[in-house]
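Chemist: One structure, pasted below without further comment.
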Amino acid sequence: MERRIFGLENEYGVTCTFRGQRRLSPDEVARYLFRRVVSWGRSSNVFLRNGARLYLDVGSHPEYATPECDNLLDLVAHDKAGERILEGLQIDAEQRLREEGIAGDIYLFKNNTDSAGNSYGCHENYLVARHGEFGKLADVLIPFLVTRQIICGAGKVLQTPRGALYCVSQRAEHIWEGVSSATTRSRPIINTRDEPHADAERFRRLHVIVGDSNMSETTTLLKLASTDLVLRMIEANVPMRDFTLENPIRAIREISHDMTGRRKVRLANGREASALEIQREYLERVQSFVDRTGTDATGKRVLELWQRTLEAVESGNLDLVAREIDWVAKYKLLERYRAKHGLSLSSPRVAQLDLTYHDIHRDRGLFYLLQQRGQMERVVSDLRIFEAKSVPPQTTRARLRGEFIKKAQEKRRDFTVDWVHLKLNDQAQRTVLCKDPFKAVDERVEKLIAGM
């Protein structure tokens, strides 16, 4: 697929600390967070002017789904815009708590596990052609996705009966099968529920739910772009060595528990291979594929970072990517803190730091502290992120949705939208179906807008 549509969904962890007598349940905290949204959207499930969807998911987790993007830098900017929008709701909610005499602070974490062991996700979406063999795509992709954590995990201190352990991935402990149509009860690597949000005869949406939520822009870019490159290679029928894993679920945990990337996992054919070996093979195949087909500046940057991350893991010299890869940046931060204060990995203060890395409040979160000190690399500017809060991508269907919502709100018209429908509720027959996610211009939508 020459042009691909991408989307990213992040669920956020919510917690609240109280200094007074009055305590709120997570549900009540979520209601405070979404009060402003409900006041204008009449619902806690809304689409925004930038084409994105914002809603309260199961278990009081706010979720932000980016608009459709056909450019990965746009996608990184829109993912970060989601953080900024939620940070605004958080500041608003704290203000409202104070006005009501409740002494408390609300925290939003862009991570994947809470202290009670619950997991919430980061879901990646890649549009693929319907005519390909989805089973074959999944077969080649799963070994890549299981081992990809060593280049784009978010890192986590895992408390076990045998003591604390620093893991590469947050989600690895919570994945229970390879391919499935459920997303919550049995968390698979690839979700097969067939909801393309597009013309179902032409397209399918590959829904990857194994990944960690990333704070680092560069890690997010590497996660998405490496997967896109592997997909392109599969779509071009490039032959691959068979890395089918005997037990992907055991493998994903074993790899997460090994920062060296060297632990061997069993393959279905009886051989063994390490995460480093499997990733190197995918990288080499992608590199020679790109040498033949060409790539842009972003692609070159991603291939260089992918290569350097594998070198850092293999050599043990993690400083090579400490400014770019989440799990490494966090590990280095925790190690410095432990050395300074003489703490063990199982110390509650280390657990607190582990969590605070993911705090999206820019004056509190440790990731943002590192970024403000110039210790984390960027791929998009603050201006681009700010614009993405209100302006949809201009080259996809999201533009149509965003323009429609903006105009309907300005004209105070009652409307309903989802990923494919735009509807004015006060005119019985005024619904436009937008089945092509690549289409940013549509006369029918322009007419609908002009008629307001």
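A Cβ is built for glycine as well, from the same backbone N, Cα and C atoms used for every other residue.
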Chemist: Figure out which of T66, T431 sits with R53, W419 in the ATP site per Swiss-Prot.
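Modeler: ATP site check in Swiss-Prot: besides R53, W419, the record includes T66 out of T66, T431.
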Chemist: Same-chain residues six or more away whose CB lies under 8 A from the CB of D57 (active site, proton acceptor)?
Modeler: E11, E63, Y120
Chemist: In whole Å, how far is W419 (ATP binding site) from Y55 (Mg(2+) binding site) when you measure between their Cα atoms?
Modeler: 14
Chemist: Highest Cβ count within 10 Å among the binding-site residues R53, Y55, E63, T66, W419: which residue is it?
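Modeler: That would be T66, with the highest Cβ count within 10 Å.
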Chemist: Far apart in sequence but close in space: which same-chain residues, 6 or more away, have a Cβ under 8 Å from E9 (Mg(2+) binding site)?
Modeler: E63, Y64, A65, T66, G121, C122, H123, N125
Chemist: Would you list the other residues of this chain near ATP - those whose C-beta lies within 8 angstroms of the C-beta centroid of R53, T66, W419 - in sequence order?
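Modeler: Counting only non-site residues, the set is G7, E9, F47, G51, A52, A65, P67, E68, A398.
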